[in-house]
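Undergrad: Starting off with a structure, shown below.
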Amino acid sequence: MARQRDNKGGSSGEKSGKQKTSKQQQHSAGENADSTKSSSTTTTSTTSSTAASESVINKSSKGKHPKKATFEEPSSKFVLNKWKTLAGSLCMAVAAYFCYQGYLETRVNTPFDNQKMVTRAGLDDPERYWGSYRPLNYFGMKTRDPHSLVMGLMWYTPSNLGHGGKGIRHWCDMGDNLDKYGWTHHDGRSFGVQEIHDLPFELKTSFVKYPSGKQFGGDWTARISVKNTTRAWDKSISLIWYVALDERTNGHIKYVSDDKSPEPGVYGETLGLGEFQLRFHPVKGRILHKSYLSTLAPSLSKLKETVFSHFRAFTDKKGHRYIGLPGEMISHNGQAPADPNFIAIQITAEVDFTLDITYQSTSGFSVGETIPKPPTGREYTESLQSHLNAFDKRFEDTFHLKAKGFSNDEIKFAKYALSNMLGGIGYFYGSSKVQSVYTTNPVPYWKSALYTAVPSRSFFPRGFLWDEGFHGLLISSWDIDIELDIISHWFDLLNIEGWIPREQILGVEALAKVPDEFVIQRNTNANPPTFLLTLKKILKHHKQELSQKSRLDTLERIYPRLQAWFAWYNTTQRGDIPGTYQWRGRDANTERELNPKTLTSGLDDFPRSSHPTSKERHVDIRCWMAFAASVMAELSTILGKDDHKYYETAGFLKDNEVLNKQHLSPYTETYADWGLHSDSVVLKRPQLTQKNLQRNHHQQMEMVRVTLKQPDYKFVDSTFGYVNLFPFLLEILDHDSPYLGKLLKDIRDPQKLWTPYGLRSLSKSSPLYLKRNTEHDPPYWRGPIWININYLAVKALRYYGMIEGPYAALAREIYAELRENLIHNIFREFQRTGYLWEQYDDTTGQGKGCYPFTGWSSLVVLIMSEQY
């Protein structure tokens, strides 16, 4: 997804392969100025020395006949001074050069020099201090504190426990093969409800927050309920709830238990939380065995391994055997024992079973003052139901799906999609690894926090730049303040150059999911500026909400950063001809790829020119820049800034005559890239020889790229797909352009992009349709249906259908049919599989790629509600 993701892909492998193809792979002027300055200094110094010598000569010879000897000494001094001056100037120039080089090296990890975007962090916003900000985990809680204490759930059944901890559920993992999981309700702030189907069990997790704590973000109750849906398999389950400190959390935790009390717990104190206690309250069912572990875990990324390595077999008084945890396991080594950083409480119980867990802040209360307890049991059930009722009403008031005639099951599905977008919001802290052309090795970015949604909890549980702009379209419809906060966190990652790293891998848990070769981010590489899609929607639909001073202040603060961001694109990605642009980061020397990927475009393996050069031009980034300029112009006008240059740039880039000259193929009358291209490129296995057999130890050699016909510069017009639609997708085309009419007909052609399930990414007639890019990498953007681009398509169809002209009726007709196809297929696949998917098969409509993919596939909610 540009992921070359792992995977919302940078060069030399950024967004990780699935984890193979990062998303698919993972799935100079300054010197001239200094030189001129040094030259000027040298000239001035030389002139001054000459003038001084002449003055001495004239004074010495006044009134006398000059003698030859009189001229010899000053002449030698003049030559000596000249060489000293030249040597000094050279030293100064060398020093200046190295100083400037050092300055260039530091630019990549120097923050943008302006006021910070995030002004309310941590306990400044107590309502959102606690949350389910650990999207990688099936269920976990943490705070919006850079060094938060974390809590989470693991579970397993003894009969399903395997080698190395296999069978323990902890991190969302496609390899667990769960039948279904995800948030059914989540408001992004105060509560959430999740269902997890892990046959034969159905788990339901929920939490509700209570702002009763005086100064540390309040209290909360979490509930874990388990029932057996088959009555035929295991009758018991082991639940593990843990509390862990990361390596920088300033505080301590301690397990407490009273044999007379059924409520074991954890007491602790941290800088961010003050004093607190965590208690366990069985509500329903019979506990078979209780145990705990208090120890030192090597890392937050090794918690499951730590639990598994400490498992022991226990036998109760009746002879029943159980797997459990051994208690205190802190090595003394002859010294005072260290404080534990990890406490896990295991409860093995018969199902049906319900457990309430309460977190209570005990700081800020005076001696003798009653500390309110978070509700449990029936009181919690009533509290949760109240939140559910409020959510349902707000959902209908926001999206009007019942009023539009959708069924209860379809509305339930839409609530799932929204809730998983909100429940997938995480809070991360750490630093990226970045590299520029001026740094020999990768260098660390500054440490920072990131509050962001994620594309997929199982496969991409971290922030991706171009994905997040699409996420914001839905989030802003539900809660504009959450979205403005997300945007603020992202733009605090802007460096002095105006660049934002496209993939954010912050913290040990995030790093544990990404191979090392995909971690480094390069500052030459862009990603589509999709945050401007969100900003455009906010300016269009939320003007009344923006009138509040705090929100206007956010726009004021972000404006200089947006200017720098736009300028970075407009300088680093521009082409040789005014108005042309190209995505940087393509590998012109690849020997493995059929068509060198363009991860930075977000459309990873979509076919471009076969032989990348600095002269190629890409139509999609040109349209992104036209769109970006128009949004910057609109924002400048609203804020009372100088908007002239943005209107001028937008006018030039939206000029259809210029666009047609640079990107319209005269042969196919389609918009296309231009570059050094040949369709006669294939993958072939090298011929076997004795030499390469020995070199490869008699293993089969990997297929390599072979060019059968030399390329030439031309339009890449044998390919037709998403890239070719961008003048339409971003509404750059004039509504009465004849090429809009042709494009609409091409969209509706089943031999090109049209399917009963949505628009496929690459035409069936294109040479690389469904072709592998290497022998290992399946086609990614070469046929499958992607929901983010289909969202842009229905949005554009709605736009052109509302402007009276020669193609308005056709646009309205296609809009209605495409919208219906998308909604029907995504909903059908959700009912069939229990998930939203990364992409959908263009032949069968079935979900493909990773799941659950409740990032931009959740835009189906906006398509249903017709909010564009």
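Here the Cβ of each residue, glycine as well, is placed from N, Cα and C on the backbone.
Annotations in TrEMBL come from automatic prediction, not curation.
Not my notes, these are from TrEMBL:
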type: REGION; residues: 1-71; note: region 'Disordered'
type: COMPBIAS; residues: 35-53; note: compositional bias 'Low complexity'
type: DOMAIN; residues: 129-293; note: domain 'Glycosyl hydrolase family 63 N-terminal'
type: DOMAIN; residues: 376-866; note: domain 'Glycosyl hydrolase family 63 C-terminal'
type: REGION; residues: 580-613; note: region 'Disordered'
type: COMPBIAS; residues: 584-595; note: compositional bias 'Basic and acidic residues'
Undergrad: Take the compositional bias 'Basic and acidic residues' (584-595) and find every residue of the same chain, 6 or more past its ends, with a Cβ under 8 Å from one of its Cβ atoms.
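TA: Cβ under 8 Å, 6 or more out: 10-12, 522, 524-526, 572-573, 605, 607-608, 610-613, 681-683, 702-705, 768, 771-774.
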Undergrad: Across the whole of the domain 'Glycosyl hydrolase family 63 C-terminal' (376-866), what does the mean pLDDT come to? Round it, please.
TA: 95
Undergrad: Looking only at the compositional bias 'Basic and acidic residues' (584-595), what are its DSSP counts of helix, strand and coil residues?
TA: 0 helix, 0 strand, 12 coil
Undergrad: Report the DSSP secondary-structure composition of the region 'Disordered' (580-613) as helix, strand and coil residue counts.
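TA: Counting residues per DSSP class in the region 'Disordered' (580-613), I get 3 helix, 1 strand, 30 coil.
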